[in-house]
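K.L.:
Reproduced below are the annotations present in TrEMBL:
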ACT_SITE  GLU96  active site, proton acceptor
ACT_SITE  CYS337  active site, S-methylcysteine intermediate
BINDING   CYS116, CYS120, CYS123  [4Fe-4S] cluster binding site
BINDING   GLY163, GLU164, SER195, SER217, LEU218, HIS219, ASN294  S-adenosyl-L-methionine binding site
DOMAIN    102-332  domain 'Radical SAM core'
Amino acid sequence: MTATEAKPNLLDLDLADCETLVVDLGFKAFHGRNLFKWIHKHGVLDYDAMTDVPKRLREALRATADIYLPRIIADHPSADGTTKWVMELADGQRIETVYIPEGKRSTICVSSQVGCALDCAFCATARQGFNRNLSVAEIIGQVWHAARMLGAAPTNVVMMGMGEPLANFDASVKAMDIMQDDLAYMLAKQRVTLSTSGIVPNIYRLRELSDVSLAVSLHAPNDELRDRLVPINRKYPLAELIPACKTYVANDKRRKVTWEYVMLDGVNDSMAHAKQLIRLLEGVPSKLNLIPFNPFAGNDFGTSPPDRIEAFRVRLTRAGIFAMTRKTRGDEIAAACGQLVGRVEDRTRRLGSIRVEDGRLEVQR
Ligand code: SAH
């Protein structure tokens, strides 16, 4: 196997990077805009089809840059319209992306890492451990594929697939910027949601760089329980998490933090928990999503019965907290929250080594 010199992948570049690249090659910046638009808005990856990009620039690009994406290797549609795409990365690892249609809305649930390091007790992704961060290309590549499959950009993107996006901060932020770019997928900031288990310093950093919607996996109303369910809480307890989230939405009266709360039978679903939750969220503009636990093999958790979930929801609503029970979608194809487990790499199929440096993916074949 010979190692070829790694070329930058154009899918890793945002608009400014594309402009810089073509200027460095001796061309005017607007060609970089066109290049970016061809790739993301029109979904064109073949240089020869980029008719308004000068031929000499196309040749220069071919010599200096690559264009590659994750590959869709399986497509699992479910009866309710939810579809799970399994994608294979250049190094043979696999991730999952979920498409959730709902009326006029098309939501894409995007993965940010292969596996996850955070070890939440009730999450299937945690079971496979952490493999690596995804590159910008591998994150935005999921949206690129969705736009091609749907024939239009999705209306919403949620960074709620496999992995913890705030633990892959730079690539997640850059990919979310590309989602919002008018020359790419044109998503409004309210339609891009990042979900985190609560990496507090990076919630503050995110606020400096982005204003996407924030969802936080809360799951427990006190530290004792949250330490067990969401172990990152031992590092960033509620007394730090709640103010960080409050600050995140503070500059806009219309904004709310979306709290995710998985309903685990007999664990976090009592009226006493509801009361604690009401106290905890006092003064924080909040929206609460109650997620019926999605079971998977090999754990003891059960789903709270529907009447208990409803009683919990009503209790919160009475206290003035907008609470909704999330419909479980795609559970029979293991595409529901917490069920994603893109199989870990099979070393016999490995192409070569892969490195991520300065947000760039480097593959040696
Ligand atoms: N790491 C990020 C992104 C994952 S989002 C985060 O923690 O927010 C996936 C959402 O589904 C999270 O709220 C997660 O806590 C929740 N979840 C995980 N396992 C689940 C399960 N088995 N049933 C229901 N929801 C689950």
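Glycine too: its Cβ is placed from the backbone N, Cα and C atoms.
All TrEMBL annotations are machine predictions without curation.
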K.L.:
In the predicted model, what is the mean pLDDT computed over the domain 'Radical SAM core' (102-332)?
P.N.:
96
K.L.:
What is the nearest of the binding-site residues CYS120, CYS123, GLY163, SER217, LEU218 to the residue listed as 'active site, proton acceptor', using the Cα of each?
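P.N.:
Closest candidate to the residue listed as 'active site, proton acceptor', judged by Cα separation, is GLY163.
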K.L.:
If you run the three-state DSSP split on CYS337 (active site, S-methylcysteine intermediate), which class comes out?
P.N.:
coil
K.L.:
List every residue in the same chain as SER217 (S-adenosyl-L-methionine binding site), at least 6 positions away in sequence, whose Cβ is under 8 Å from its Cβ.
P.N.:
CYS120, SER195, THR196, SER197, GLY198, VAL230, GLU260, VAL262
K.L.:
Checking the recorded positions GLU96, SER195, LEU218, CYS337: which ones have Cβ within under 6 Å of ligand 1?
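P.N.:
From GLU96, SER195, LEU218, CYS337, counting a Cβ under 6 Å from ligand 1 as near, the near ones are SER195, CYS337.
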K.L.:
Using a 10 Å radius around its CB, how many other CB atoms surround GLU164 (S-adenosyl-L-methionine binding site)?
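P.N.:
So the Cβ neighbour count for GLU164 (S-adenosyl-L-methionine binding site) comes to 26.
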K.L.:
Please state whether DSSP places HIS219 (S-adenosyl-L-methionine binding site) in a helix, a strand or coil.
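P.N.:
Reduced to three states, the DSSP call for HIS219 (S-adenosyl-L-methionine binding site) is coil.
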K.L.:
Show, in sequence order, which residues other than CYS116, CYS120, CYS123 on the same chain lie with their Cβ within 8 Å of the centre of the Cβ atoms of the [4Fe-4S] cluster site.
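P.N.:
Checked against the 8 Å cutoff, the neighbours are LEU118, ASP119, PHE122, ALA124, THR125, ALA126, GLU164, SER197, GLY338.
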K.L.:
Do you see any of the binding-site residues GLY163, GLU164, LEU218, HIS219 whose C-alpha is within 10 Å of CYS116 ([4Fe-4S] cluster binding site), and which ones?
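P.N.:
Those close enough are GLY163, GLU164.
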